[in-house]
Amino acid sequence: MKQKSIEMLVQGASSLGITLEMFHVEHFQKFYSLLLEWNQKMNLTAITEEEEVVIKHFLDSLSVIKSGKIKGGEKVIDIGTGAGFPGIPLKIVFPEIGLTLLEASKKKVNFLNFLSQVLLFEGIEVIHGRAEELGKVERFREKFDIATARAVAPLNILLEYAVPFVRVGGHFIAMKGRDIEEVYQCKNALEELKCEIEDVIEVRLPFSDILHHLIVVKKVDVLPSKYPRREKAIRTKPL
């Protein structure tokens, strides 16, 4: 990475309340290098220009810190992580979190496993599978302090994918864009899935005019066993 990109990463992280040391920067540099290398073999990301990756992938991922829920030591699952966003940047900054990356694409899982080995991560597990299936598995169901998702699906659909993994009292952090009208259209999903919206946090990404929101959802009771439903039901008959 060029010096300008490194400075943007460090300054941008600082504006989010994060101090990056040199070893953090080195990890991000390795991440970027491997992202470009593997992206030539598979579709990991359409964003490859250095400064864009810093802003739209690295700093966007780190913006989850603004939720105030990740302080280190939490069990975190990143659902539909893709190329590792936001999970890997969070793990770089908070190596003590226990991180599970859930991804349905086997090729992306292979990339994430290789990346984790290169970065010498401990306390990380990469799972090849689908959220609506693993959310019913005892080893994963209601076992995490925090679930994250950067997917583009509507919030009421994301809730059914994510909430089954979250323990009672834990949180789901949905990374959404500028428009958050859907927050006011998911009352039924919140009631059915035994959760409530605790906070909506506006985040303006450093060095850009991009406005995002973090939707912080708290799990308040044990989830009924019928959830999550099968994918077709989730998609065609959303709560």
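Every residue gets a Cβ built from N, Cα and C, even glycine.
When ARG150, ARG167, ARG178 are compared with the S-adenosyl-L-methionine site residues GLY80, PHE85, GLU103, ALA104, SER105, ALA131, GLU132 in Swiss-Prot, the one appearing in that site is ARG150. For the binding-site residues SER105, ALA131, the greatest number of Cβ atoms within 10 Å around a candidate Cβ is found at ALA131.
Counting other C-beta atoms within 10 Å of each candidate's C-beta, the binding-site residues GLU103, GLU132 are led by GLU103. Applying an 8 A CB threshold to same-chain residues 6+ apart, the list for PHE85 (S-adenosyl-L-methionine binding site) reads HIS57, ASP60, SER61, ASP78, ARG150.
Under the DSSP three-state reduction, GLU132 (S-adenosyl-L-methionine binding site) is assigned to helix.
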